[in-house]
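Novice: Here it is, the structure in full.
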Amino acid sequence: MNIMLLGAPGSGKGTLAEKLIKNQGFNQMSTGDLMRKEINDETPLGIECARYMNEGRLVPDEVTMGIVKNFLQDNHNQLIFDGIPRTLNQAKILEENLIELNAKIDKVIYIDVPSEILLNRISGRLICPKCKVSYHIISRKPKLEGICDNDGTELVRRPDDAPEKVKVRLEAYANETAPLVDYYKNKPGFIHIVDNANTTAEEVYAEVLGAL
């Protein structure tokens with residue numbers, strides 16, 4: 001079985017993916033990791049990918065999906081697709097690639113969270129720069145305010161998590177992903193999970209397991 005996760009930053013996709021990997025034997029496909037490997041191996045696609053990145057340009061869909069296709073040749077089962085596809089064009093290319101391999105996306109899980117909740121979740125995040133553990137000023141407070149429980153390091157907020165930048169990220173995500181939700185919602189296996197302020201990660205995970 002292959003699963004795709006759709007949801008805005010702060011929707012809990014990462015937490016859900018971790019639980020599915022740990023408890024259900026899935027593997028997560030990271031486009032970023034795949035690109036870095038192709039670049040390090042200096043493959044033709046990797047060289048082309050590096051050229052676009054070095055020029056500060058977006059990597060075209062044909063390059064990104066070419067790298068994904070190479071990975072799928074030997075890995076096309078028990079996968080979690082998160083962060084790919086990002087566009088409708090990528091979704092169609094991915095579907096074609098999987099058909100060639102006699103594989104498919106079995107379930108598309110869309111975690112739908114109101115924008116005001118996302119804003120509060122993300123802008124309230126604090127990170128330990130040493131151990132990378134994440135905290136939250138409301139829902140996951142450290143024992144000592146502003147200090148990591150593990151190593152006593154002062155917690156920081158990532159620049160991208162500032163409220164004004166979060167709003168920009170959420171707007172960009174909405175514009176980018178709305179067509180994907182529309183594309184998949186009429187296909188078999190689409191799961192729509194509404195996550196409100198009171199929904200826990202365990203409740204989302206339980207609902208997903210019940211639908212798989």
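Note that Cβ sites are derived from N, Cα and C of the backbone, with glycine treated the same way.
It should be emphasised that the depicted structure is a prediction, and the values quoted were computed from it without experimental measurement.
Found this in Swiss-Prot, in case it helps:
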BINDING   G10, S11, G12, K13, G14, T15, R125, S134, Y135, N198  ATP binding site
REGION    30-59  region 'NMP'
BINDING   T31, R36, R57, L58, V59, Q90, R158, R169  AMP binding site
REGION    124-161  region 'LID'
BINDING   C128, C131, C148, D151  Zn(2+) binding site
Novice: Please classify the secondary structure at R169 (AMP binding site) using three-state DSSP.
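Specialist: In the DSSP reduction, R169 (AMP binding site) maps to helix.
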Novice: Taking the Cβ of G10 (ATP binding site) as the centre, how many other Cβ atoms fall within a 10 Å radius?
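Specialist: G10 (ATP binding site) is surrounded by 24 other Cβ atoms within 10 Å.
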Novice: Since the record lists R36, R57, R125, R158 as binding-site residues, which of them has the fewest other Cβ atoms within 10 Å of its Cβ?
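Specialist: Selected from the binding-site residues R36, R57, R125, R158 on minimum Cβ neighbours within 10 Å: R57.
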Novice: Please report the three-state DSSP label of Y135 (ATP binding site).
Specialist: strand
Novice: What's the CA to CA span in angstrom from R158 (AMP binding site) over to R125 (ATP binding site)?
Specialist: 8
Novice: How many Å separate the Cα atoms of R57 (AMP binding site) and G14 (ATP binding site)?
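Specialist: Distance (Cα to Cα, whole Å): 26 Å.
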Novice: Would you say which of the binding-site residues G12, G14 has the most Cβ atoms within 10 Å of its own Cβ?
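Specialist: In terms of Cβ crowding, the pick is G12.
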Novice: Sort out the sequence-distant neighbours of D151 (Zn(2+) binding site) for me: same chain, 6+ apart, CB within less than 8 Å of its CB, listed by position.
Specialist: C128, K130, C131
Novice: Quick one: Cα separation, C148 (Zn(2+) binding site) versus Y135 (ATP binding site), in Å?
Specialist: 8
Novice: Looking only at Cβ atoms, how many others are within 10 Å of the one on Q90 (AMP binding site)?
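Specialist: Other Cβ atoms found within 10 Å: 18.
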Novice: How far is it from G14 (ATP binding site) to V59 (AMP binding site), counting Cα to Cα, in Å?
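Specialist: The Cα atom of G14 (ATP binding site) is 23 Å away from the Cα atom of V59 (AMP binding site).
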Novice: I need the CA-to-CA distance for R36 (AMP binding site) versus Y135 (ATP binding site), whole Å please.
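Specialist: If we compare the Cα positions of R36 (AMP binding site) and Y135 (ATP binding site), the gap is 28 Å.
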